[in-house]
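One structure is given below, encoded as structure tokens.
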Amino acid sequence: MATADDLKFQEFDDAANLLAANPDATTISIDEPVEIPKNQHSRLQEPGREEDDELLGTDDSDKTELLAGQKKSAPFWTFDYYQTFFDVDTYQVLDRIKGSVFPVPGKNFVRLYIRSNPDLYGPFWICATLVFTIAVSGNLSNFFIHLGKPTYHYVPEFRKVSIAATTIYAYAWLVPLALWGFLMWRNSKVMNIVSYSFLEIVCVYGYSLFIYIPTAILWIIPQKVVRWVLVVFSLCLSGSVLVMTFWPAVRDDNRRIAVATVATILLLHALLAVGCLAYFFDAPELDFPAPIIPAHNGTTVITKSH
């Protein structure tokens, strides 16, 4: 009859002997899952670079490109191709508007709101609303300034609509196009520069203009001090969105080129706001012709108006 020692496995005895010889040896249990070691590249990565990658959105960019490559895009001459640019719901548009009005310091607008689904619906209607808001508010401002003057006759200036549309839509499309081309050119010179897509840049510029819609309504107030305070406040909000979006993309470039790029972006943004205020609201006083008042003795008296 077999004894208890004969029923033992020889492998268990060998393992017990090895553990007795080397108590610090690592053992693996069958019940415990094996932990896969993390990527060694992430351990060697600098902390500052991890922050830059988070701002630029490079961590998710590869996944986004892979997912985009799996989708079959329709030809550009079909309606389905352009339908994808307007495939957003109301909650997404409102969330992006809120992000442009209340920017979060240290957060990238493209990474948080745009990269998952860039659209043209929001920028198109924001620009259209801004065009009519500026044109109507400019006419109302001119009416209130000259209200009560007997020589003034209100005539709506419909040409302001076409001028505002040309200015705003040209800014919302041509400036992003120039910036996109510049980033692509610098990307070929400096490897660390991240170049946004043209659609993403258009989204950033379109949503950054939303703050000027309530500002244009408040520009009706005939006080220059109030108007300029509103301009500065709007520039700080919308300009911070542009800076926090494009500065991480060019910070690895030459220092002078990076600073000049951001300064140019802010300068063009400020010129748009100041130009709209100066042309549509701060128009010079019109020199009205002096009214002719007939006298009782048959002569006419010409009064001089200022």
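Backbone N, Cα and C atoms are what each Cβ position is placed from, and that goes for glycine too.
TrEMBL annotations:
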type	residues	note
REGION	29-61	region 'Disordered'
COMPBIAS	49-59	compositional bias 'Acidic residues'
DOMAIN	101-273	domain 'Yip1'
TRANSMEM	120-141	transmembrane segment
TRANSMEM	161-185	transmembrane segment
TRANSMEM	197-222	transmembrane segment
TRANSMEM	228-250	transmembrane segment
TRANSMEM	257-281	transmembrane segment
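Scored by C-beta pairs under 8 angstroms, the transmembrane segment (228-250) has its highest count with 197-222, from the stretches 120-141, 161-185, 197-222. The list of residues near the transmembrane segment (197-222) in space but at least 6 beyond its ends in sequence, with Cβ under 8 angstroms from a Cβ of it, reads 85, 96-97, 99-101, 109-110, 113-115, 118-120, 122-124, 126-127, 129-130, 133-134, 137, 140-141, 144-145, 168, 171-173, 175-177, 179-180, 230-231, 233-234, 237-238, 241-242, 245, 269, 273, 276-277, 280-281. Listed by sequence, the residues of this chain that lie at least six past the ends of the transmembrane segment (161-185) yet keep a Cβ under 8 A from its Cβ atoms are 123, 127, 130-132, 134-135, 193, 195-198, 201-202, 204-206, 209, 246, 249-250, 261, 265, 268, 272, 275-276, 279-280.
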